[in-house]
């Protein structure tokens, strides 16, 4: 049965829960206080516009204050010469390098908090790959939140995260890993309307690949099989492996031409095939109920490639897959998605840099859920960072109306604008980084991964 049209309510520039809590919070540091006022208003508006009960809004803002704020590390600084606003540690979660991102599953009107937990040592010689802090953050989350089980985290950490000895090798041999994207563990919390929280961990094994000489695909696939002792995921994983092998035999990176740039240092950490394994995520719940999502990226960004990946080269053609593909084509057209051959970015696009024209590959995740379906359900993520934010929101509004989501179509643009009162909406191209599309349970699912930070005071961007 298709999901009901999502809730969406208009929200105010200064949401009441944020204002009320701000009057009573004793912050642990100036960093925490500044992070709060730069990010919490956005989270509060998202919870209001998505129609969370008031008591649940206060619960999640309190959780944000006590768990997340201490994990965001030093507040960003503005370089007086360049005007660039950045943190010491550049997080691979966000193209601006910031360690926080709110995402909005508009189909279910659910909000997610993405966090790259850091300390003042992250990115320094003391902790060049930010290896230690994410574990401590998740262990704190497990003490605070019922139902969090870290078994899967510890298992994947052992397989995919560098050891102290491997870290020393990478430090002594900097040419082994020259990519600016160094995050190994990211985290997320799905904020359910009921007040329960689903915690997830994401593992990026590129540093491990560089120091061991094993490919990203080998590390990811072997890790999944090692933790999947009951072979719940085997059929779906084997079909995904066969598709990746078919792609390796066929579509390789084309000869470089004027419009196909050479590989960046980040590109060199991945497979040369345009479709390359990237990372995985897992639910931090009881292992028998935990799902795994396998993420891969695609440098050829066009509808023909989307259709090939969506159908596993034409093998996945059940009615839901074909209906989803039909809607995906409308989605692509409505947002006027750009097409081309896009390498991994050379570096981050920190605040203060021009984001117009910034490009990156698209991504897909493949949902290994242990169901009877022989193919894992795909979800597409297109990078819209660098595209005009106003035109993107207008395109999304068109798509919402196509789906019959009238509440969302009526209020989405106004609510989006309220989060960025100091931005020039006509020129901004960084307010949304990715948009994802999936089709399940007879309906479309769209999630927005939005800019989640407004700088304060002397750090604010000059007009």
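Backbone N, Cα and C atoms are what each Cβ position is placed from, and that goes for glycine too.
Of the listed candidates (78, 90, 112), Swiss-Prot assigns 112 to the same dimethylallyl diphosphate site as 200, 202, 293, 295, 379, 381, 445, 449.
Comparing CA positions across the recorded positions 112, 114, 295, 381, 449, the one lying closest to residue 204 (brevianamide F binding site) turns out to be 295. The subset of binding-site residues (112, 295, 381) lying with their Cα within 10 Å of the Cα of residue 93 (brevianamide F binding site) is empty, i.e. none. Nearest in space to residue 101 (brevianamide F binding site), taking C-alpha to C-alpha distance over the recorded positions 112, 114, 202, 295, 381, is 114. Here the C-alpha separation of residue 202 (dimethylallyl diphosphate binding site) and residue 114 (site 'Required for regioselectivity') works out to 10 Å. If you measure from the Cα atom of residue 295 (dimethylallyl diphosphate binding site) to that of residue 114 (site 'Required for regioselectivity'), you get 16 Å.
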